[in-house]
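*Asks:* A single structure is presented below for examination.
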Amino acid sequence: MLVNLNKILPRAYKMGYAVGAFNTSNLETTQAIIGAAEKLNSPVIIAVSEKAIQYAGIEALSQIIITLAQKISIPVAVHLDHGKTYELCRQCIKNGFTSVMIDASHLPFKENVRLTRQVIIYAHKHNVSVEAEIGRLAGIEDNIEVKTGDALYTDPDEARKFAMATGCDALAIAIGTSHGAYKFKGKPKLRIDILKQIAGQIKNPLVLHGASGVKAIWISRINRCGGDLEQAKGVPDDLIIQAVRNGISKINTDTDLRIAFTAGLREFLHENPTVFDPRKISGHAREMIQQVVADRIKIFGSADQG
Ligand code: G3H
Ligand code: 13P
Ligand code: ZN
């Protein structure tokens, strides 16, 4: 069942769980996400980045996601991840997305508010929810590279002013995570104190980006079959659980799905040197992604909340 974030996140906050937003750019990943959510009876958010749109084409990709989402009874939001422009948000809404993120966090505060408002006015007319961002994550994401030194934790006062000025349906904040597979040099740490201050001041559902776990078991499976991801490190489960307990309602995961896909491909090809049927190869990778999505859903606490 296709819904926007307002049908998913306020309930998650009230009941004390978070809903996963999982990135896709193809059929198999979409099937894996929806398959895991359906099996665990969990609401889910399917996230599509600008690069995913460039890769797959917006018509083909949105049709795959929407077709699969409409077939099942659990709530599914189809969400643009890190939209940088009004035009891209508009294009996604025209293609049936139920939710968009306008990420103007790199702009000065006033500009961020202005662009976010512009998107909200258009989106709300179409019953589409809008996520915005305040603060900057370190790392690389869709056409955005923020060096670690330039990463800014969200200022709770700014977050409150921003939430009031925009009325966004969800707000992404920066509390120490970063995008990609190399999140921490030393011990993983999140600024739960900042999260508590923000959650204490605003009612808008809060979003954690860059939340992948980058589990050692998957990294060694990749490395055993010829990969080289030695220093990869993600957000441990206990920190994710703390973040949920303290007010995070939406958790973004992309890297973990990429890692599962890569592990699946590498292992399958290594163990089955005579197979060259893409359906068998991709089908195995799809199973690995589905396992990871299911694990994440259990950690977020959204199983049986569909
Ligand atoms: O937050 C960013 C997502 O991981 C999207 O990554 O731009 O490479 O599709 P991408
Ligand atoms: P990860 O790179 O930690 O999976 O984060 C993904 C993300 O935030 C997508 O918006
Ligand atoms: Zn992100």
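For all residues, glycine too, the Cβ spot is worked out from N, Cα and C.
Any TrEMBL annotation is an automated prediction that lacks curation.
Computed from a predicted structure; not experimentally measured.
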*Asks:* Report the candidate from His82, His284 that shares the Zn(2+) 1 site with His179, His209, as recorded in TrEMBL.
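*Replies:* The one candidate that TrEMBL places in that Zn(2+) 1 site: His82.
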*Asks:* Could you look at Gly167, Gly176, Gly180, Gly301 and say which one TrEMBL places alongside Gly210, Ala211, Ser212, Asn252, Thr253, Asp254, Thr255 in the dihydroxyacetone phosphate site?
*Replies:* Gly180
*Asks:* Could you find out if DSSP has Thr255 (dihydroxyacetone phosphate binding site) as helix, strand or coil?
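*Replies:* The three-state answer is helix.
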*Asks:* Just counting, how many other CB atoms are there within 10 A of the CB of His179 (Zn(2+) 1 binding site)?
*Replies:* 23
*Asks:* Let's check the environment of Gly210 (dihydroxyacetone phosphate binding site): how many other CB atoms sit within 10 Å of its CB?
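*Replies:* If we count other Cβ atoms within 10 Å of Gly210 (dihydroxyacetone phosphate binding site), we arrive at 24.
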*Asks:* Other than its own, how many Cβ atoms are within 10 Å of the Cβ belonging to Thr253 (dihydroxyacetone phosphate binding site)?
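*Replies:* Excluding its own Cβ, Thr253 (dihydroxyacetone phosphate binding site) sees 27 Cβ atoms within 10 Å.
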*Asks:* With the Cβ atom as the reference point and anything under 6 Å counting, tell me which of the binding-site residues (Glu133, His209, Ala211, Thr253, Thr255) are near ligand 3.
*Replies:* His209
